[in-house]
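J.: Dumping the structure here so I can ask a few things about it.
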Amino acid sequence: HSCEICHNVGKSCEGSVEPCTSPEDQCGTVVLEFSPAPVSFRSIHKNCFSSSLCKLGSFDVNVGQNTYVRGRIQCCDEERCEEPQFSGHCASHPNGYYCPGIFGLFSLDSSANEAVCKGTETKCINIAGYRKEMYPGDIAYNIKGCISSCPELSLSNRTHEVDRNELIKVECTDAVKIPPSECQSSGI
């Protein structure tokens, strides 16, 4: 099985078609959006994916300070897949739950802020991994925040290859009802 492989900031990319290795048996396109404006940007990644990642479909992680990391995944059996579309993001109100929240690069365990969960977000997610690049090498990343339901993601056991994304941690826990800062004793 072969798929088009490319990565780009923006809404489109074109790359060469390369063979996939098991268990990554489907072609896919992932569009990531980091919002809100004025710093919102999108990136697109076309690659070989495992069917477990394809089932994820979409995710919206509230990383705090009214910022979201959103992803849309479209998989197909052809070498080149359609690009997934974003629907508008529904603004919702705080629901009383809290999670650690951060979008961190160059670290697998970034120190977190407090993310105020909204709407149906009652779970906390903690994802860490490496993005493989020719230059400057592996880039570590860590995303923590509120999410509506826990994704079924399996960890990668792949060897290090160029242009690959390697997940090394996916933790999903129940959000807490009170903000952690209120639990600390006032220094008397």
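Each residue, glycine too, has its Cβ placed from N, Cα and C.
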J.: Mind checking which of C54, C90 has the disulfide with C75 in Swiss-Prot?
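T.: Recorded disulfide partner of C75 in Swiss-Prot: C54.
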J.: Relative to the Cβ position of C150 (disulfide bond), how many further Cβ atoms are located within 10 Å?
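T.: For C150 (disulfide bond), the 10 Å Cβ neighbour count is 14.
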J.: Out of C20, C81, give me whichever of these disulfide-bonded residues has the highest number of other Cβ atoms within 10 Å.
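T.: Answer returned by the neighbour count: C81.
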J.: Can you tell which of the disulfide-bonded residues C6, C27, C75, C81, C172 lies nearest to C117 (disulfide bond) in space, using Cα positions?
T.: C172
J.: Which number gives the other C-beta atoms within 10 angstroms of the C-beta of C48 (disulfide bond), all protein chains shown included?
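T.: Result for C48 (disulfide bond): 23 other Cβ atoms within 10 Å.
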J.: Ranked by the number of other Cβ atoms within 10 Å of their own Cβ, which of the disulfide-bonded residues C99, C117, C124, C172 ranks first?
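T.: For the disulfide-bonded residues C99, C117, C124, C172, the Cβ with the most other Cβ atoms within 10 Å is C99.
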J.: By a simple count, how many Cβ atoms lie within 10 Å of the Cβ of C3 (disulfide bond), its own Cβ left out?
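T.: Taking every protein chain into account, the count is 26.
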